[in-house]
Structure formats: structure tokens, C-alpha cells
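Here's the structure, in C-alpha cells; my notes come after.
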Amino acid sequence: MVKLVFARHGESEWNKANLFTGWADVDLSEKGTQQAIDAGKLIKEAGIEFDKAYTSVLKRAIKTTNLALEASDQLWVPVEKSWRLNERHYGGLTGKNKAEAAEQFGDEQVHIWRRSYDVLPPKMDRDDEYSAHKDRRYASLDDSVIPDAENLKVTLERALPFWEDKIAPALKDGKNVFVGAHGNSIRALVKHIKKLSDDEIMDVEIPNFPPLVFEFDEKLNVVSEYYLGK
């Protein structure tokens, strides 16, 4: 059976500060760095060997991927980066403290923005300091593709082509795959993999640690699902 390991990035500096992060390129905290290393140790203990690895273009996921691969003695494994694995874009909430946002907009509204499948948060202004429209890493993309806000539905729509073009074919080819990504991009792909309803995915949480493992048969039916070390 082939294995797919999802590793959400370790705790970031903005996770620690309780800020909405989205596409802001925030670094790992000291705790997050250790979580990434520990993820790699769990992978090594489980004897999982990878053939391919994928991550986003955000440093917290890139560093988590590299640290986990290094700790599992697999730093040589080819890593492909894609914006399609980025975190959900939190729009105008980016950089805001979650508790302060709840005070400003109300607990219920913020909960809907965070957990609903298809409700968009407020859009980010294109002149915002965190706008991806002026970020060089997205210069090759058509401007209309770069989001100003995303919900989980839109996140899945932009992540799904990468699943279909890269990850799924590798798994069907018998290759074990590592994906270092983000809470919501992983949630979106888990929804697709498990065929969850829009309501069911609302209750799914992806922790910073430990990694989540899926085992598939040759037709990519899920045979088992578990967290390493549990």
C-alpha cells in the first residue's frame, strides 16, 4: 500500500500570537521548528520512505518539509513547491488578532468566516502590505488567479488541480508522498480524499503536529488513516 503523509507546518510566529496568517510569509517559531524535527523523527521511526515531496511557496511549510525530511534522513528526496498548496487566503483578516477580530465583528461572524465551507471573509485591498499581487513569487501567475480572499471551497478548487496532476498520479504509480502544507489546504484535500460533505469538513481540525498518514490501495481508496505516534 502506498502512503501519503500530510505534515502541517509547525507552529508559526503568528500562530503563537493568535493572528490570521493566510498567505503572509511568516516564519516558524522555536516550538514550530522543533515540531518539524519531531515529525521527521516519527516518520523515521515508522519506517516510511518517500519518493516525492511537495510543499507550498510559504517559508513555514518549506522549512517544515526540509526539517522533517532531514530528521528522517531523506533530505535528498525531490521537493516541488506550488502556490496551489498555500494556506487559505484570509483576505482582509490577514494580520489581525483573532480575539480582536471577534470583538470587532462578533464571535459568530468570525466563526462563520473561519469554519464555514463557502462564506468568504472580507477581501484584502490590493495595496495592502500582505497583498500577493505585488509579491514576486506569484509574478508568473495571471493576476486574475491571485486571490484577495478565500473560503475552503475556493481553496479546494485551486488545490485540486495539483492533487490531480501531481499527487494522485504519484500515488497511483506506487510512490510514497510527503506533503508539507497548511491547516486549510490539507483540510481541503482531506475533504476530497474522504468525500466529506460541506458540513462534515467543518469539524475537521489539522494540528501542527503530528503528521497525518493515509494509506491507499491501487485505486486510491483509503485503507487506513492515522496520526503518527498515536
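Using N, Cα and C of the backbone, Cβ positions are placed for all residues, glycine too.
Features as listed in Swiss-Prot:
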- 8-15, 21-22, ARG60, 87-90, LYS98, 114-115, 183-184: substrate binding site (BINDING)
- HIS9: active site, tele-phosphohistidine intermediate (ACT_SITE)
- GLU87: active site, proton donor/acceptor (ACT_SITE)
- HIS182: site 'Transition state stabilizer' (SITE)
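Known features from Swiss-Prot, placed on the structure.
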residue : record                                          : Cβ neighbours (10 Å)
ARG8    : substrate binding site                          : 29
HIS9    : active site, tele-phosphohistidine intermediate : 33
GLU11   : substrate binding site                          : 21
TRP14   : substrate binding site                          : 19
GLY22   : substrate binding site                          : 27
GLU87   : active site, proton donor/acceptor              : 26
ARG88   : substrate binding site                          : 27
LYS98   : substrate binding site                          : 13
HIS182  : site 'Transition state stabilizer'              : 27
GLY183  : substrate binding site                          : 18
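Comparing ARG88 (substrate binding site) with HIS9 (active site, tele-phosphohistidine intermediate), their Cα atoms are 14 Å apart once rounded. Ranking the recorded positions GLY22, GLU87, HIS182, GLY183 by the distance of their Cα atoms from the Cα of HIS9 (active site, tele-phosphohistidine intermediate) places HIS182 first.
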